[in-house]
Amino acid sequence: MTFFLSFSSPPSLIFLLFLISTIFLHCYSFNDPAHYHHPSHHHPPHFASHDYKDAFTKSIIFFQGQRSGKLPHNQRISWRSHSALSDGSAINVDLVGGYYDAGDNVKFGFPMAFTTTMLSWSVIEFGGIMKGELENAREAIRWGSDYLLKATAHPDTIYVQVGDAKKDHACWERPEDMDTPRNVYKIDKNTPGTEVAAETAAALAAASLVFKKIDPTYSKTLARRAISVFQFADKYRGSYSDGLKPIVCPFYCSYSGYEDELLWGAAWLHKATKNQMYLNYIKVNGQTLGSAEFDNTFGWDNKHVGARILLSKAFLVQKVNTLHDYKGHADNFICSVIPDASFSSTQYTPGGLLFKMNDSNMQYVTSTSFLLLTYAKYLTSAHMVVNCGGTIITPKSLRAMAKKQVDYLLGDNPLEMSYMVGYGPKYPQRIHHRGSSLPSISEHPNKIQCSEGFNIMNSQNPNPNILVGAIVGGPDQYDRFPDVRSDYEQSEPATYMNAPLVGALAYLAHSFGQL
């Protein structure tokens, strides 16, 4: 519920003073660092700007709409059905399952692995407060990690893509009807792909931590595979965008190189295995892998910032003093995103949304919000702050910044539009997503042919199927959003936009006593 003020007659001074004090108390209660650790000592604020619990639940349900393969009986997005049940069979490999990354029907291994890593990190940091949704979050992770185990089943080989993106994009059809080629593409010793291999290792390692207590056997399988996959990534170095250029570019070309993934993968393996070997690897290679670079954009392509924040925890919380530099590296990132500050290098829209680029900008909003809340948690544990050229930034202000970004996403913006499908009274109706835009199998059992679907894609009609919880690319730098289906930059959802938001929404729902 958004909080609006409107007065038909001038308000009394007493009422205005009461209102200001209420808002002040609300801000103080939310931002108190102790609030997270000792919820019983603080009464939840009287009102929250949003139903974060509802948004949190929906952010996880979304992943069921992206599932490929044979769907289970407890599938909650019921307009989806089984799809791509013979993936990999042409080369005698079982590659059934996993996720379609966005609004098309290709399985791209690079963003799928990053999605799995970020879902896992969300549960590692905030799973303790997820209550009834924890099991659903774990299920979403397992759907990804099961597939990544299949894709890495052969030593020194990773199957990194199923489907020909160019041919897939020439059709507008439901995944259930798919008849475009399901070619399988791989990396190996001869065609290395360090980025996707190291990200896959990170995903397997992170997921192993999620299942450590509840399924130790599965957890060990994931950890062992992560170790061998990282070894392969490091030993056979080369960019997958070189070896598989016509296949993966321009869709998920790696622009940042593979050094960031090696640092990120090593950080996750150190966390998952506690093996000193990875700590030594980070100490020896950190500098050359770009630990101190000022590339402050965190997403499916560039992992440097995530690695810095993750490694700063080892210093701040676990007191691994050899990683003390990572506190400084993480602080540099924080200083770069503080709005209206002389040291900031981040653009914001007039309505206050962090803005990195036109294409799927919301992924940077969700990933940055997650990092702000996570780093605030680490700083609070260590009783530390961030110093930006003499300006002190507290964990409290990091939480307030993250909340502001999430609130904008949920509807506190100039258009009063929620950029999460199915949340709030007004949200995108024409998302760039094949399954959502075409009638479901139950409504229209006959096959919809490849080019037949474009009539619907180009129409003004709202999508018949609501992809609950999907975060779309979002508004442009002037807060404008046309809600046009063909505009994939602004209207397409993606798994890696939702994954970091799961953790951020869990934190906010808990903070306001909604969980």
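The backbone N, Cα and C atoms fix where each Cβ goes, and this holds for glycine too.
Bear in mind that TrEMBL entries carry predicted annotations, made automatically and left uncurated.
Pulled from TrEMBL, these are the features on record:
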| type | residues | note |
| --- | --- | --- |
| ACT_SITE | His432 | active site |
| ACT_SITE | Asp483 | active site |
| ACT_SITE | Glu492 | active site |
| DOMAIN | 52-505 | domain 'Glycoside hydrolase family 9' |
| SIGNAL | 1-29 | signal peptide |
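In the predicted structure, the domain 'Glycoside hydrolase family 9' (52-505) carries a mean pLDDT of 97. Spacing of His432 (active site) relative to Glu492 (active site) is 5 Å (Cα to Cα, whole number).
With respect to Cβ neighbours within 10 Å, the active-site residues Asp483, Glu492 differ, and Asp483 shows the lowest count. Note: the CA-CA distance between Asp483 (active site) and Glu492 (active site) rounds to 10 Å.
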